[in-house]
Amino acid sequence: MSEIAMPDSVAHTVMERCDLLATCSEEAGCVTRRFATPPMHQVHELFANWMRTAGMTVQIDAVGNLIGRYESNRAGAQTLLLGSHLDTVRNAGKYDGLLGVLVALACLERLYARGERLPFAIELLGFAEEEGLRYQSVYIGSKAITGTFDVQALALRDEDGIAMVDALRAFGGNPDPALLRSPRWSPEELLGYCEVHIEQGPVLEAKQLPLAVVTGIVGQQRILVTFKGEAGHAGTLPMKQRHDALCAAAEFVLAAEMLGQRESGLVATVGQLQVQPGASNVIPGEVTLSLDIRHEDDTKRDLYADQLRERVDRICRERGITLAWQPVQRSPTVSCAPSLIKRWRQALLEEKYPVFMLPSGAGHDAVTMSTLTDIAMLFVRCKGGISHHPAESVLEEDVAAAIVALERFLKLTAKEVEDERI
């Protein structure tokens, strides 16, 4: 299907490297690789060797981001950024994050083998932390490299009581606040940031497509909702006299589902629920739950939240329940740059792959990178839409498709840069 000749061994090598890197784990028999831990050192050593062999200079920055630079054939050229994250969730799969870094590396290895340099430099980024597993703080790597890191996070402690500042020192990093608040580049130095990533959803598999051009990363709201009723004896208080906080919460959860099903593209999830006092013979007096709302259209997402708030106010009035509605996060949708989307579409067309557009419902380092430069993403099909799980899986032929698509994207970028020079 592709017009770029590529030996089968290239995609196979990427798959083998995913298997090898999966052994760099804090836990035997599964993949768990947290920020600033010995397994991350192992990953860095492997990648650094591959990068140097591909003609790249390698460094690790103050927060532990791995950076490989493939120089341009032109002095003072701008830089295109490629990359994804190297950390994982607990008991993870092999491909989330890593696949994107390895696909980009495969393209750079092929360029180097042909003796090709481009009219722009490429920096391949292996972000130190995206998932937030160790310190419950996401995008540490991309925030530090863009100068948006909150240095107060250095005081956060992990489950073993180790502060982030101490973990960084032990890892060989430099927790100097000035370094962590300074962007690595100015916007004028960059051509953009592109991230290849597994879809982490079932859409591509359902449509029998290997790849998708990402339109944007959907915005989200997270709200903490607390229902306060009256606890009482489960055996002595008549049903009609109860102010059961859990019944109100249950009605709310169903309302969230029902309203969410009315708006195409919207997803709403109640993922945490705490019941007090939590005894089998006591009527629940207080319930706290989390609500996660996502939609590509910020206006529609806000409207859903407003409608749901009206519904829960009515539920609580009817049941004699006190409501606390606490927004804890609101992230607007981050759109991919139209010019980069156009280039990805052209790359797929020239390689004879179907062009399919898809928003990302999950967050990515590209969100943070958008504060500094234009972003774009390419999704790769994953089996069953399964991710953050050992069963996470990709097809070797889809990996090959991603490699040739990215290689074509680089060629198109080179042509545009050359044309602008003329």
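Glycine is treated like the rest: Cβ placed from N, Cα and C.
The annotation in TrEMBL ties Asp96, His197 to Zn(2+) 1, and of the candidates under consideration, His85, His233, the one tied to the same site is His85.
Taking DSSP states H, G and I as helix and E and B as strand, the domain 'Peptidase M20 dimerisation' (219-317) has 41 helix, 34 strand, 24 coil. If you take the CA of His85 (Zn(2+) 1 binding site) and look 10 A around it, the binding-site residues you hit from Glu131, Arg222, Asn281, Arg294, His388 are Glu131. The shortest Cα-Cα distance from Glu131 (Zn(2+) 2 binding site) to any of the binding-site residues (Asp96, His197, Arg222) is found for Asp96. Other residues of the same chain near the Zn(2+) 1 site, with their Cβ within 8 Å of the Cβ centroid of His85, Asp96, His197, are Ser84, Tyr95, Gly97, Leu98, Leu99, Gly100, Glu130, Glu195, Ile198, His364, Asp365. Same-chain residues at least 6 positions away in sequence with a Cβ under 8 Å from that of His388 (Zn(2+) 2 binding site) are, in sequence order, Val89, Ala92, Gly93, Asp96, Gln200.
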